[in-house]
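Taken verbatim from TrEMBL:
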COMPBIAS  1-10  compositional bias 'Polar residues'
COMPBIAS  76-87  compositional bias 'Basic residues'
COMPBIAS  108-122  compositional bias 'Low complexity'
COMPBIAS  144-153  compositional bias 'Basic residues'
COMPBIAS  154-175  compositional bias 'Basic and acidic residues'
DOMAIN    1-26  domain 'WIBG Mago-binding'
REGION    1-30  region 'Disordered'
REGION    43-175  region 'Disordered'
Amino acid sequence: GKYIASTQRPDGTWRKQRRGKEGYVPQEEGPVYENKYVKFFKSKPELPPGLSLEANAQPSKQPGKAEGGETGLSKAAKRNLKRKEKRKQQQEKGERETDELIQSLEKASLSGGSSGDTGAAAPQPACGTQGPPDGEASASEKTKKIKSLRKKLRQVEELQQRLDSGEIKQPTKEQLEKLGRRKALEEELQDLELDL
């Protein structure tokens, strides 16, 4: 047999000398197994989450960026801020478009039946001018428009039912406007359904 000499543990205590077979390596002296993930993470430098090597190498440029308003934000937080800003812009754009649509509908309903039909027919050629390069796109836009008009009509009908049942005693100005647009919405829906 072979004798393994006494060795010192990391905490400072000593192991006894012991006997073992030839070629035997004690567990504490053998190499520690590490899978590929452990090796990968040990090979990476110790940086805080979100900090890249370039940012760490150029610390002089980083403080200027931090003073620009987005202090200490991670990549995900910056991405979320951009998404919020984009959503706000789209919402404002949608509100402007609905205001324009409401104004055009009010003009069409106030001007009378015969001129109202011409007013409703006027925007459709504009859609047609956009459509010829891609006929399917204009058809899908029309179906989306029909779907939104049906939804608005459904909302108007629900509001009317709530008023009739007495659930709403004093309708607001917006609710009255919504009820007043019912006829214009129905006419526009009929025109779009005829075009399909």
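Keep in mind that glycine also has a Cβ here, set from the backbone N, Cα and C atoms.
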Same-chain residue ranges lying at least 6 outside the compositional bias 'Basic and acidic residues' (154-175) that approach it to Cβ under 8 Å: 181-182, 185
Per-region confidence, the domain 'WIBG Mago-binding' (1-26) (mean pLDDT, whole number): 84
Counts by DSSP class (helix H/G/I, strand E/B, coil) across the compositional bias 'Basic residues' (144-153): 10 helix, 0 strand, 0 coil
